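Q: First the structure, then my questions, so here it is.
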């Protein structure tokens, strides 16, 4: 987990070099970092899981901040050496260090914010930070315990214990009200809630602002936002732990049940959007638009901005499980990953062989070569000016950009089928389409020849174009549907009927814009949610608007 995360982090911060450049351009007075990792399935090791992220955030901030600047870092518990070492690093680098839990933070979790003020920028810090960044994945302690001042360690102990007691009180309070449902008590809590809201607005002087003063003035935040990472955890922690240890037929049944639930509750983003929708700013010529970006090769895909994250994770889970029951005998020849049927000029990607990939980077580059060859030979096919690609799942910036490039500069357009098999049909080969594709190929080859084997081209067009307009929504819907189709085929015949029946129900709907499927919530889940809100409000009121803070004394 940590190794994969660190490699992903290195890609995103391309970062370290650009951080150095940015630190030379202008003064950075404030850096905030509130990153985290979903640890609901491993709550007992949350601190261990987020440690590399917190260290990377701190190192990046210390590299960017100017002298006298401030840094705000979200952390959780402070029991492990990683957290103590990180706090000590900030302790010696800043004039003032506070640990604070704001009133808007849920009191039942361990979330706290470290507020560091007055960056000293000690001599030699840059070289030390470079060394730390090169060893982000190390599990060794940053400092020897014997070198930490006893006064500092004692302050950390008191700080951790104080927030532990607060959290324990909240949990006990929550359990108490979970088991006790009283109408009179409920009225009291509703009154407390209204008083707390009024108090909060009075204390912090919350007032509306003019639209012109909004940071994102003119942007429709409510209707224009897309949540591709909704919380999808179902059942209790014990149930999820039990399901994770299943194997064989029991595992297959559990995955089929989950596939059924995902299929019935599949989100649809802006259903009227089409892949042919043109983003703003895409009127440039092929030569003007191509913008190659490079980074570390992607060997295994764990997330995507072009599909709902729960679907991508579920596909990875199905692929891992299917590897144990879909093993080909050694003497049996493997089917090809790509098959081109010239009669219909359809390029099919074999789903079973996709699940056996060992390098996603090699797969994408091989797919590009196959597409290049197929399209180059297209003029030789009498009466055919299209290319159909079946089971293409464009989940990366490279592949999504390639779909955009093909439908914009190589063909007149693209359309996708509404029923399985799921296909992308690129139609109307442009007169200069092959020349545009060859120009892109020359750029890719030139870039790959300059980069080390550990790096490759990750994007071919400006990424902002892929998130602008209906193209992005249509690609989200397409990828979500194909992810489910992949899972259905890998899980066997028992899962196929679910997708077919659901697809038929969608096809029978007159107006797709009026279809909205909401996940069902059991009575037990509703009760839990209601009481979670109760204890949240109650604790804020008791805590005097919830301000909890401890300040570290900094010894000169």
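Every residue gets a Cβ built from N, Cα and C, even glycine.
All annotation found in TrEMBL is predicted automatically rather than curated by experts.
According to TrEMBL, the protein carries these features:
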type     : residues : note
ACT_SITE : 74       : active site, proton acceptor
BINDING  : 34       : S-adenosyl-L-methionine binding site
DOMAIN   : 1-121    : domain 'Adrift-type SAM-dependent 2'-O-MTase'
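Tell me about the setting of these features in this model.
A: Within the same chain, residues at least six positions away from residue 74 (active site, proton acceptor) with a Cβ under 8 Å of its Cβ are 33, 34, 35, 36, 111, 112, 113, 114.
In three-state terms derived from DSSP, residue 34 (S-adenosyl-L-methionine binding site) belongs to neither a helical nor a strand segment and is classed as coil.
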Q: Please give me the CB contact count at 10 A for residue 34 (S-adenosyl-L-methionine binding site), counting all chains in the structure.
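A: Neighbour count, Cβ to Cβ under the 10 Å cut-off: 11.
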